[in-house]
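Feature annotations, courtesy of TrEMBL:
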- 4-166: domain 'Phosphomannose isomerase type I catalytic' (DOMAIN)
- Q113, H115, E150, H284: Zn(2+) binding site (BINDING)
- R303: active site (ACT_SITE)
Amino acid sequence: MFVRLGNTPLRYAWGARGKLSEYLGATGVVRDPEFGADEVPVQAEVWLGAHHGSPSQILEPARTNGATDLAEWIATEPERALGEYAKGLRRGDGPRLPFLLKVLAAGQPLSLQVHPPLDGAQRGFAAENAIGTPIDAPNRNYRDPFHKPELLIALSETMSALAGFRAFDEVRALVADIAQLADEAGCAEGFAEFAARIEALTSVDELRAIFAWLLTQPRAARDALPAIDAWVERGSETYRCERDNVRRIRIANPDDATVLSVLLMNHVELRRGEALYVRAGILHAYLDGVGIELMAASDNVLRGGLTPKHVDAPELLSVLSCEPMAPPRLEPVVDAQGVLDYRPEEPDFRLQRVRASEGGALDVTVSIPGPAIVLALRGDAQLLAPSGEEITLGLGGAMFVTPDEGELRVRGTDVDLVVATAGLSADAVLPLD
């Protein structure tokens, strides 16, 4: 069974004006009442899923016994909507769509953030409920009891991101470059404390202490900002990417000294179609561009800075991984039909991308072992289900596919679409970790 979906974009301050409508059109999933010839509103994200933060609208409620959004339909007809997933992905979950698909458009840098692991989310959610913090309170960390690992795929020509801590020797070399220029520019004194801490960096514990200092002692860290600004303008070409990213962050957050933490991190430039996989505990921030996000269905974000929103440094530090790592890129597996399969080590989600060469035709069959959401990115895709149902999905069109179909045939010329599903078959219900 096919169920067409739409949603209203969320208008966070970091969003880009009109970008979601530009990439997905104005008649598909993006239902923006403020978009018009004389008005180009900020559009940050559009959600495709059943999370209570912004559940997808059902465009033909007669097909779902009158339910007008995906969360309502799952609550009233869980077995019809989810099949075996009505039992829950993990014991105790209950009927729940385990993944959330988003398209985001970043016009400014997002916050420096970490997502909690499953056990941490469960404890944090219960603790905030126990003290009576409202779910929608601006100072709430945990809006649900679930983890939020995520996959990001660039849709724009490039997409800039920060993800994970870089190797210690790379951090020392970068900061030494800044220190040299600061000395020449006459602003070395304010940079000296930070530079000394980095020069002595040899362990994960020392890195955690430096990062905690940046989060909890902003006044001392702020003394280093003149050196940072001098480096951004006149630093080595070796660090052109890092300098451009720091400049972008400084413009958006001129008084926030946690920008120094960016010097500790991997700077990643994704080209269109390239992907990142961000596990729980990994410090990250997306800086600009348009991309697809697929994640475990959660809205739990622990922020450390670079944002006017609620920041909880102790809670972030409690779940933060400080192990140095390579940029966490994820390469898809390409099957015999040419379908790109992005399958991270998570049971909650998996993404398959069906893409014809420019002007080329395709006819492929995609397995959907549970409930699925399909989003068209280009062309007019003809979708055929084993039940005999058939639909054409144009640019920005989105639909939910019930798990009884089992597979989806895709035909068309010059088409590009993604299919989001859970990462496990429905009979593999997991115990809690």
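The backbone N, Cα and C atoms fix where each Cβ goes, glycine too.
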_Alpha-carbon distance [R303 (active site); H284 (Zn(2+) binding site)] in Å_ = 10
*asked:* To see if you understand the setup: which same-chain residues, six or more apart in sequence, place their Cβ under 8 Å from that of H115 (Zn(2+) binding site)?
replied: H147, K148, P149, E150, V278, A280, G281, I282, S298, N300, V301, L302
*Rounded to the nearest Å, what's the C-alpha distance separating R303 (active site) and Q113 (Zn(2+) binding site)? Just drop the number here, would you?*
4
*How many other Cβ atoms are found within 10 Å of the Cβ atom of H284 (Zn(2+) binding site), counting all protein chains shown?*
23
*What three-state secondary structure does DSSP assign to Q113 (Zn(2+) binding site)?*
strand
*In the same chain, which residues outside the set Q113, H115, E150, H284 have their CB within 8 A of the centroid of the CB atoms that define the Zn(2+) site?*
V114, K148, V278, I282, V301
_Mean pLDDT across the domain 'Phosphomannose isomerase type I catalytic' (4-166), rounded to an integer, is what?_
94
